[in-house]
């Protein structure tokens, strides 16, 4: 069990992380989302011991990562840069990982290299997608129980993206590992994650399953004779997503039944529930229209 | 302390300078002695069989070694910070203590090996060449020990600087400044006393002026300086032999031991507390900003005063007005410069 407990981190006088707590179990995929600069990478770096928290703890099976770094045999981190280890050859990297990780499986690593058709050359000659795939393969070959991925699919083409996401799902289901992914791509989270962690202004905004998140929201399209009534727009749990002429798209957060009943009370000409994506939810909860995707 | 993966990593970070260290040793010792042996052989065969002269001055070779060891220290720590490769190293299941000690051991091993290989080769050249007819190269053994102590101390000190310097450039700059700090500060104080002559006795100035007892003691505590003071010569002429081996007194040999012990302990402490979020900046620890601002501005102000005071002297005597103008100008420029630099962040490609 990976437990993050009341992490607080200040950088240059700014409270980048405040009272962050959550627990992740093996066999699950958690997606971490939040706007740029909200502290996602700082949190991941703190979890793997690159940064020290000002207060709070990160434990794996009740062993503190910062006090007992040897426990990091169970956790690997793939940073968001494709520049890492670029001056190394594949052979050198295998030697390096073999010397560091007790359970590193070189056979499995080479098997995956062949499966994804990656050449055994210096990483410098790899494309961005190949590097991302390579680091993913490398981290899973350590046989760690927890894999932390910082924006693993950033800037990759759809084919490589799909390969990576499929690979993650396979690994989690076959080896019972836990994967924590930080990303801006909500569609990816929606496809593969069980849990979504939202970060807002350095704090945990929410920690829910995808289903819970979707069940607590409704997206509806309405048409009123004289436009959206002010009383509806003023409802605290209703957010206007979009207005085109008399057609208004609303997002209802919680108290769905009561809110729909209030809206219906104003006798709309038309009301229809629309399919909802995570993006709708996070645009609404993480910062409105200026949300950066 | 020894970890194969960290060893590989350190080698990758510093490979070009490691080879430069071995090369510097080769071209400054075995290569030179080989040339000497060939010249001696030719001279003794064709000109005079009994005339012989040989000398060895560490001053000729030490500078290359010093540059190399400071660069190795700056690459294994500073380069890692500048390229933000610390994300990789610190995410590994290894303690910070092991990471630091492996960097230290790596450098000390290569210093020892570079000296041992090159001094060993030099020894063989002596034994198996015309040089053997005249002298035994016993001074090489002593030089090995002497250079080992001082180069290890310089390396350990530069590595310690890397525990609070945020990138390669600042680590190199701070290493040079702090390695020369004792004599540098004394020079600045001397200039201050000289310009405020009326406030001090002449004795005060004599105490800090060049050549005084105090400056010679302080010089021995300025790590690189004693390394230049090892010399040997041997002369054989008309059957008469004269030889001399000069090096600082034995207490000076303790100076690098003290520097090494203190720097290693302090470096180890700071490295375990490192703030990787400040990698690439001038300083790793925000708390040191005030201290460094004060120190840098003071030193620049004193240096500016000394420079202006001398440049705009009055009948050969330093000018008090110019001195204070220099202090004010350099002090202000360094204050605003350092404020600006504290905000900067250096990032190089990852390794």
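Heads up, residue numbers simply count up from 1 along the chain you see.
Using the three backbone atoms N, Cα and C, a Cβ is placed for every residue, glycine included.
The transmembrane segment annotation in TrEMBL covers B:16-37 (among others).
Remote same-chain residues near the transmembrane segment (B:57-77) are listed as 10, 13-14, 17-18, 20-21, 24-25, 28-29, 103, 106-107, 110-111, 143, 146-147, 151, 154-155, 158-159, 161-163, 168, 171-172, 175-176, 179, 224, 227-231 (criterion: CB distance under 8 Å, separation of at least six residues from the stretch ends). Annotation comment: TrEMBL describes B:57-77 (among others) as transmembrane segment.
Positions annotated as transmembrane segment by TrEMBL: B:104-128 (among others).
According to TrEMBL, the feature transmembrane segment maps to B:140-165 (among others).
The transmembrane segment annotation in TrEMBL covers B:172-193 (among others).
Positions annotated as transmembrane segment by TrEMBL: B:250-271 (among others). Residues 96-97, 99-101, 104, 146, 149-150, 152-154, 156-157, 159-160, 162-164, 220-221, 223, 226, 284-285 of the same chain lie 6 or more positions beyond the ends of the transmembrane segment (B:250-271) yet place their CB under 8 Å from a CB of it.
Here TrEMBL flags B:291-309 (among others) as transmembrane segment.
Residues annotated as transmembrane segment in TrEMBL: B:321-342 (among others).
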The transmembrane segment (B:172-193) vs the transmembrane segment (B:104-128): 3 or more CB pairs under 8 Å: no
Tertiary contacts of the transmembrane segment (B:104-128), as residues 6+ beyond its ends and Cβ separation under 8 Å: 1-2, 6-7, 10-11, 14, 18, 21-22, 24-26, 28-30, 33-34, 37, 69, 72-73, 76, 135-137, 140-141, 143-144, 147-148, 151-152, 155-156, 159, 264, 267
